[in-house]
Every structure is written in C-alpha cells, then in structure tokens.
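These come from Swiss-Prot:
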| type | residues | note |
| --- | --- | --- |
| ACT_SITE | H32 | active site, proton donor |
| BINDING | 25-32, 144-147, V173, 181-184 | ATP binding site |
| BINDING | Q55 | beta-alanine binding site |
| BINDING | Q55, Q150 | (R)-pantoate binding site |
| REGION | 1-264 | region 'Pantoate--beta-alanine ligase' |
| REGION | 265-501 | region 'Cytidylate kinase' |
Amino acid sequence: MLSTQAELAAFHSGLGQPLQFVPTMGGLHQGHGELIRRAAEQGPVLVSVFVNPLQFAPGEDFERYPRSLEADLALADRYGAAALWTPTVQTIYPDGATADSARQAPAALQQHLCGADRPGHFDGVVTVVARLLELTRPAGLWLGEKDWQQLVILRQLVADLVLPVKIHGVATVREADGLALSSRNQYLSAAQRLQAAALPAALRAADGTTPLDVTRSRLSAAGLEVEYVERVDPQSLQPCGSETALSLLAAAVRCGTTRLIDHSFLMTRQPLVAIDGPAGAGKSTVTRAFAERLGLIYLDTGAMYRAVTWLVQQQGVEPGDAAAVDALLRALDLQLQSLPGGGQQVMVNGEDVSQAIRSPEVTGSVSVVAAHRCVRQALTTQQKAMGAKGGLVAEGRDIGSAVFPDADLKVFLTATVAERARRRALDLEQRGFPVQERSELEAQIAERDHLDSTREEAPLVQAIDAVELVTDGMSIDAVIDALVEQFRARVPEEAWPTPAG
C-alpha cells in the first residue's frame, strides 16, 4: 500500500512496463475487480482510493461514503493490482479543496443526465482526475461504462489537455437480477435491494419506440423516486429520438435515500464504420484486422471497383467508354465473401478474381472506370443493401460521404505520397509483380489522387464529421489501436462486446 508521494515515486521508478491506472473512491466491488483484471492484462496496475470532496454537494453522502481500506486492499490484490495508493487531500489539493479552484467540465456534456441534477459534480471529477493523472503518469486509464457520462467527459478532458494516456472503458458488471454493481448498493436494506431491481428491469423493457413517460411510470410503480429518465446521443450527450442508430437510455432514481443510476443502449441496427482515404493509405490492411478484432464484417468497396475494372479489361472494353461499361454491368454478378482471418474473396460471374484485381494493370485503370456514374450508382446500391443492417466496416473513397453518411464512426485514413509509394512497392513485391521506380510510383499515386478527388460522381473527400488519421510512422498495430479507441468512444462494450480471444 502506498500513501506518500515519495512511495508513489519509488513504485513508479521500479516499473518495467507502462503503468495502468484504476482510479476509485473505495468501497471496491467486483465491478472494480473487472477493471483491475482487464488492466492487468496490459501491465502493472495501480489502484487509487480517494474520496474526492469536490464531487459531493452539501447534504450528499461524503461523510458516510463507504470506507473499507482493508477490504479494498484484499480485493485489489485478488484481481491482480500491483499496488493500492491512498493519497491524502493535501497531496491531491495542496492549495485546498475548494470549488473556486476546480476545473470546469465542458458545459455541453453536463447539461443533461447527472450533470443537470448534480451541479458542480463533474467539475470535481475532472479536477481530481487531472491531478491523479499528473501524479501517476499512466499509459492506460481504466474506467467503467456504468458511469457513461463521466467516461465521455473524461475522454474530452484527456483530449483537451493532450495527455499521453489511453482511456479504456469496461462494460458494467451486474448482479444476477441486473442491478449494476455500485459502492452505494450497500446502503440498501434487504427490502430496498429487491425494489432496486426494478431500475434495470424498466430500462431493459424499453426499446427505441418506448416513450420516456412509460419508463418513468414503470419506475414510479415500483416505488422508486425518479430524478430523470432521458434518451441522449452517447457521444454528444444531447437529447435524441428514435431515429438515432445508437442511443443511451439513462435514469437516476432514489430507493429510500440511496441514489442509483443506470442505463441501457438502444440500437436500431448493428454498428457501421466507414473508412475512407486515398490510394495506398493502408486502408485494406488495417480495416481487415480492425473488423476481425471487433467482430464486424469487412467490406472492401475498392475491391468491387477493381472487379468491374478487371471485367472491363477482360472483355476488351475501353475503360473510358461509359455506355460499353454500363452494358457489362447489366449482366454482372459480383459477390464478396468474408474469409477466416479477415480476408475477402471476390467473385465475378462465378470466377474468383481476388488476386487478379490487385494487378498493376487494374490499378492503372480503376480510377477511370470508377468515375462513371453508372458504375458508382450500381455499386453504391449494392453496398447500401449490404450495410442496411450494419455490423460491418467498409473502406473506400466515398463511404462516409456518399455510401454510409450515417455511419457510427467515420475515419479518413491517409499518409504522404512518399509513404504510400513505399507501401505500394512493398505490396507489389510481396504479390510477385514487377516494382517500378519509386518516383514513378509517386507520380502514379499523385495522379490517382487527382483523378479521385476531381471526378464528378462521388469524389474522394473527407466527410465533415470524419476523424483524420495520418499514418506516417505508425505500425499497423498502432493504427488498429487508434481505430479501436475511436470506435469505443462511440460504441461501448455494452452495446457491441469485443469478441473473446
């Protein structure tokens, strides 16, 4: 157990791996244990126990908040923590714990849910977490999705301060009857504990068409005092309706004097991810691996345009002849099949062309063929049909802007021309094709960029709400990790769990 800053510094200096940090206010339970267990898979884990006075308004339960240090130490050790740190108020707030000195959480993120009912609470949260991160300097920060509003606000804090820490959200851990684990559950009497189960039950009973008043009525009928029931966008935390593909249905109630919060995620379809970018940015490689990691179907739309280009060349049709290309489309049978390991088989009229479409000859003509309105309309229609139920990640040139403008996550993956030429040369060599001079490859890529971005029909463009990711100097694993981090900021583990293994 660590108490002083000197002990913390000595612990930090002896680490051989990046530190993983689990901040708590004590009263540890299995939910905290799951955070520790998951964090321990990445490196040594430091658990802090600090009951933050700035998170409590006058009249709240600061004085009686559960304090059970010996039990906390035993649980942290059982789940694999390397150390438990119990800083003093003086350590965290050397100038005093006053609301006047607190950081301000983003106003837009605390207009609703708990932020509206507990003014100043999230200011206290961001203040203490910023200080804890300053003192611990971890590589990973592990937080529960149970406190979803807090998780969103802390992600924004880390982004605003440009802190070198990766935030990991972990799904809510529940009792057998659905009640979310919470340190405050121990306030409940046996009768209240049975009554509290109505909270998760009412949330589970709701779907995208259930009026909020119905959920409120169900909670009230169970004898719970309702503070709020709201449906919000999980990222902006602003109210939304049933048209939103993924929304957060959240509630706060009082069971006796105990305040309980919970939520459920409502989905009208499975997650949809759009990854766009210029040729040679590494989209196919990372998108395949990203899709496999998250259990999503991989849709390589570029392969579809390459397949049409291959057919055009096989039939001896001039790539620039739109009418002749359109005639080929009428009899086209283009099928994509996901393969084990994240690959994709491409079939054109019953023939496997998965390798043939990667030839330099196809690469040289695909922009011309893809620019035809008839081609884009035919393939876009097929792509939209494939993505209607979600559950896939698609990569191409205009996925986020034209094909799936309602995607949960849009990424514009790019790299410099020089870096893309280097990657293209390596790819050609690995596939057994002749490799041109680097300068020639760079010229081809620059010309391809020009053609893709200036065509009339669905040009290459970064969607206004897309995240730009420049991958120069990044390993494939680093790019995939960055994509997963962006995905999890929008789609929680609770809504779309990461597949085991």
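Quick reminder: no glycine exception, Cβ is built from N, Cα and C everywhere.
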- Candidate with the highest Cβ count within 10 Å, taken from the binding-site residues Q55, Q150, S183: Q150
- Same-chain residues six or more away whose CB lies under 8 A from the CB of L28 (ATP binding site)? V47, V49, S68, A71, D72, L75, A76, S183
- Task: Using a 10 Å cut-off, grab the number of neighbouring Cβ atoms around the Cβ of M25 (ATP binding site), all chains included.
- Result: 19
- Item | G31, H32, E145, V173 as recorded positions, winner by CB count within 10 A | H32
- Would you mind giving the whole-number mean pLDDT across the region 'Cytidylate kinase' (265-501)? 92
- For V173 (ATP binding site), the closest of the recorded positions by C-alpha position, picking from H32, Q55, Q150, is H32
- Message: Under DSSP, is M25 (ATP binding site) part of a helix or a strand, or is it coil?
- Response: coil
- Query: For V173 (ATP binding site), what is the secondary structure state per DSSP, taken as helix, strand or coil?
  - Reply: coil
